[in-house]
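Written out below as C-alpha cells is the structure these notes cover.
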Amino acid sequence: MRNSSLKERMLSTLYGGVIGDMMGVPVEFKARGTFYVEDVMGYGTYNQPPGTWSDDTSLTLCLVENLIEQGDTASLMDKFVQYMEQGYWTPFGEMFDIGITTAEAVSNYKKGILPESCGKTGEFDNGNGALMRIAPLVFVMREELDFSKRAALIQQYTEITHAHPRSIVGSMVYSEVLLSLYRNNSLKAALQEVYVLLHYHLQENLKAELASYDRIFQESFLSIAEGDIQSTGYIVHSLEAALWCVGTTTTFKEAILKAVNLGEDTDTVATLAGTLAGMHYPLEEIPTDWLNKMMKKQEIDQLITTFYQACVEPEREQ
C-alpha cells in the first residue's frame, strides 16, 4: 500500500516510463534469449550513449507540456511535428526513432487534416504508439468520477494517431488500470475492477474490441509462462507483456529487467511496465543510479514539477 504525495506519484510514474524506455533502447528488436540486460547500457540498436530515451518519452513529454499549457490536440500535434522535424524534447536535439503509424498521422496533420481525423484506422495500424504516451492524462482525470468523460478524453488523445477501436480500447484499459493502481489497488484487483467497469460502461461500438484483451482479465493471466507472452509492437502484445512483467515480479527493478529481457519492442514494453510499476511502487524503489544516468533529468524534473503545480492549482481555486 502507498500513501505518497501526488507529486511523488507523478515523479515515480513518469520516471518509471523514462527508465523503461532508456533501458530498452539499446536492445530494441533483439530476439529474446540472445542478450541479457541487468543495468543501464548504451549504444546497441541506435548507437546512443547510456541513459538515452526515445520517442516513447519524447511524445509523453510533449503531452505533459501540452497539458501544462492547456493546449488541445492541434497544439499537441504541432509539438509532434517539432519532434519529427527539429528533434523537440529529445536527448540530443535529434529524432532517431518514431513509429510508422504515428509518423503517417503527423504527416496527415501537416497536410491540413484535422487532428481527430489524422489517426490510422486499419486493423494493421494497431501498434503501441498511442499507448506509450498517454499516461500523463491519468493525473489530469484522477478526480473525474464519470467514466464516459474519462473515456472520451482517452479516445480523443489516442485517435489523433491510432484511430482503430482496438487501439482506443487498449488505451482505456491501460489508463483505467493506472487509475486503479493510483487508488492503491493491487494489480490483480485493478484488472478485475477495470474488466467490470468496461464490460458494463464501454460504449457499444467499442465493446466488441474488449475480446482482444480477454487474456489479461482471465484469472490465470499472471500464471502464464514467459514463452506464451509476446513482446511485439502490437498493442495487445505490448500491454499484455507490460502487465505480466509487473504482476509476476515484486520490485520496480525486477519488473523493468523482466520487460527489457523479453526482447522485440523492448523500449515500449519496458516504458509501459515502468509506468505501471512506477504507479504501483514508491519513488524510493527506483534505483538511484538508474535515475542519475537519465539524459536531461533536470529538464524532466522541472517539467514534472510544473505539471504537478498545474494539476493542483485548479483544486485550490474551487
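Every residue gets a Cβ built from N, Cα and C, even glycine.
What TrEMBL records for Ser54, Asp55, Asp56, Asp265, Asp267, Thr268 is Mg(2+) binding site.
Residues Ser54, Asp55, Asp56, Asp265, Asp267, Thr268 make up the record's Mg(2+) site, and a Cβ search at 8 Å around their centroid adds Asp21, Gly24, Val25, Glu28, Thr57, Asp97, Gly99, Met132, Thr266, Thr271 from the same chain. Under DSSP, Asp55 (Mg(2+) binding site) is assigned to a helix (H, G or I) in the three-state scheme.
Looking only at the binding-site residues Asp55, Asp56, the densest Cβ neighbourhood within 10 Å occurs at Asp56. Within its own chain, Ser54 (Mg(2+) binding site) has Asp21, Val25, Glu28, Tyr46, Phe96, Asp97, Asp267 as residues 6 or more apart in sequence whose C-beta sits under 8 angstroms from its own. Reduced to three states, the DSSP call for Asp267 (Mg(2+) binding site) is helix. For the binding-site residues shown (Asp265, Asp267), fewest C-beta neighbours within 10 angstroms: Asp265. Around the Cβ of Thr268 (Mg(2+) binding site), a 10 Å sphere holds 32 further Cβ atoms from the protein chains shown.
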